[in-house]
Amino acid sequence: MSEHLAPRGSESVAPGAEYAATASSAYRAALSVIESVEPRIAAATRAELSDQRASLKLIASENYASPAVLLTMGTWLSDKYAEGTIGHRFYAGCQNVDTVETVAAEHARELFGAEYAYAQPHSGIDANLVAFWAILAHRIEQPALAEYGVKGINDLSEEDWETLRQRFGNQRALGMSLDAGGHLTHGFRPNISGKMFHQRSYGTDPETQLLDYDAVRRAAQEFKPLILIAGYSAYPRRINFAKMREIADEVGATLMVDMAHFAGLVAGKVFTGDEDPVPHAHVVTTTTHKSLRGPRGGLVLATKEYAGSVDRGCPMVLGGPLSHVMAAKAVALAEARRPEFQTYAQNVADNAKSLAEGFLTRGARLVTGGTDNHIVLLDVSGFGLTGRQAESALLDAGIVTNRNSVPNDPNGAWYTSGIRFGTPALTTRGFGAAEFDRIAELVVDVLKQTTPTATAAGAPGKAKYSLADGVADATKAASAELLDAHPLYPGLEL
Ligand code: PLP
């Protein structure tokens, strides 16, 4: 085992402390080389580290990858074209990329207990595109080709291909609505998925704001989707995937789960049994850079039945894989297979509970009344603010979040009425329950001292606000105490 993959003590959750000195030299050398070619890029890279070190990062989709993961991305693996699949490439000389992709897929299969893993997607959106087309190919193209008596689509005449293409389009997909926490790629109009599919959404219960499985079942039975999509970007609760599979089976749909947000909680065995999507879904997609704490990228997991279609991601919707990023995925997945990643994942969930409790005890309102994953969704309408005003005021005070719709949001998707908080990043820095309670206190203080201001026309604006004097500085000072106690990349000096 190499130095950077040596096991760490389970008490340490911040990855990389044990090789910080070596990583410091590597980064210093790299930045001086970059500086000699384009100093502005070296400066922006240094500034980004200082900014990240100095802010309370509560964006639910972000994290801090280990220096091992980050360093893996900066190599000549980036220079190699390797379109195709392991052992079957359209380019010569891909033996090392074959090794990289094999190791990444092997770690992914072992970590998640999946029958098949595809490590090529460049991002979450790509992983979903691969999955959609793989499902369409598996469910429609294969039986249709059998009908025409040919082996592959290239064997079809122009006319038969045209007929088949008509049957590919306009399939039905059923996914969670955007304002209940679903993602744009789950069939919504601004995304290509909304153009590929007739889409219908399921929402949440108007009273509890929790997923209503009976309503999902009713929608599925009425709409008869080809694909039932489960997964979310802003739903603060766990999902019962066994129930979702039951519903999919009842209507003959393929169950696709997008676990981009909560993959780290699956990897860390916080979500098990019915809450683990892998044993229940036909196809699972994820990003690797959120709670999973890897490089920016995507991954598709599938049952053996769907493996062949998923493997056609390239050339179906992908070109050459990012071999350097696949290498970094392998390193991150190796890290996630260590026992201390389970401690990390449990801390992520425990910290979210502490943050939620901290808000509730201070009188704030949370969507669904709490959390049992890594997300807390605060309804800021009780403070008389829009999400946009709250997000900006918090940023002025050094607290980085993002605004988000709440179910049936009266302010729409741009201004919104919510702020989404997530615990993965600060948990990586070693923040615990007490620090998250203190964060809740700081956030509530800032929001209480923020007032919406009038527009030029005199009406209350949805974007303008004013923060009481001194609040931003006082909050930054209080945050600095928390941040100094839990440095980002401890021991890493540029
Ligand atoms: N799926 C879900 C559930 C997400 O939350 C996101 C990103 O926020 C994506 C897919 C898209 O990921 P990417 O930004 O890597 O394309």
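Our numbering is plain: 1 for the first residue shown, then up by one each step along the chain.
Here the Cβ of each residue, glycine as well, is placed from N, Cα and C on the backbone.
Per TrEMBL, the feature domain 'Serine hydroxymethyltransferase-like' maps to 35-137, 171-442. Look at TrEMBL and you will find Leu178, Gly182, His183, Leu184 tagged as (6S)-5,6,7,8-tetrahydrofolate binding site. The feature site 'Plays an important role in substrate specificity' is assigned by TrEMBL to His289. Residues annotated as N6-(pyridoxal phosphate)lysine in TrEMBL: Lys290.
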> Other than its own, how many Cβ atoms are within 10 Å of the Cβ belonging to His183 ((6S)-5,6,7,8-tetrahydrofolate binding site)?
Replying inline: 23
>> Given Gly182, His289, Lys290 as the recorded positions, which ones have a Cβ positioned under 6 Å from some atom of ligand 1?
In response: none
> Taking the center of the Cβ atoms of Leu178, Gly182, His183, Leu184 at the recorded (6S)-5,6,7,8-tetrahydrofolate site, which other residues in this chain have a Cβ no more than 8 Å from that point?
Replying inline: Gly175, Met176, Ser177, Gly181, Thr185, His186, Phe188, Tyr232, Ser233
> What's the CA to CA span in angstrom from Leu178 ((6S)-5,6,7,8-tetrahydrofolate binding site) over to the residue listed as 'N6-(pyridoxal phosphate)lysine'?
Replying inline: 19
>> For Leu184 ((6S)-5,6,7,8-tetrahydrofolate binding site), which of the three DSSP-derived states applies: helix, strand, or coil?
In response: coil
> Leu184 ((6S)-5,6,7,8-tetrahydrofolate binding site) to Lys290 (N6-(pyridoxal phosphate)lysine): how many Å between their Cα atoms?
Replying inline: 17
>> When DSSP is mapped onto helix/strand/coil, what comes out for His289 (site 'Plays an important role in substrate specificity')?
In response: coil
>> So if I draw a 10 Å sphere around the Cβ of the residue listed as 'N6-(pyridoxal phosphate)lysine', how many other Cβ atoms end up inside it?
In response: 26
>> When DSSP is mapped onto helix/strand/coil, what comes out for Leu178 ((6S)-5,6,7,8-tetrahydrofolate binding site)?
In response: helix
>> What whole-number Å value do you get for the CA-CA distance of His183 ((6S)-5,6,7,8-tetrahydrofolate binding site) and Lys290 (N6-(pyridoxal phosphate)lysine)?
In response: 14
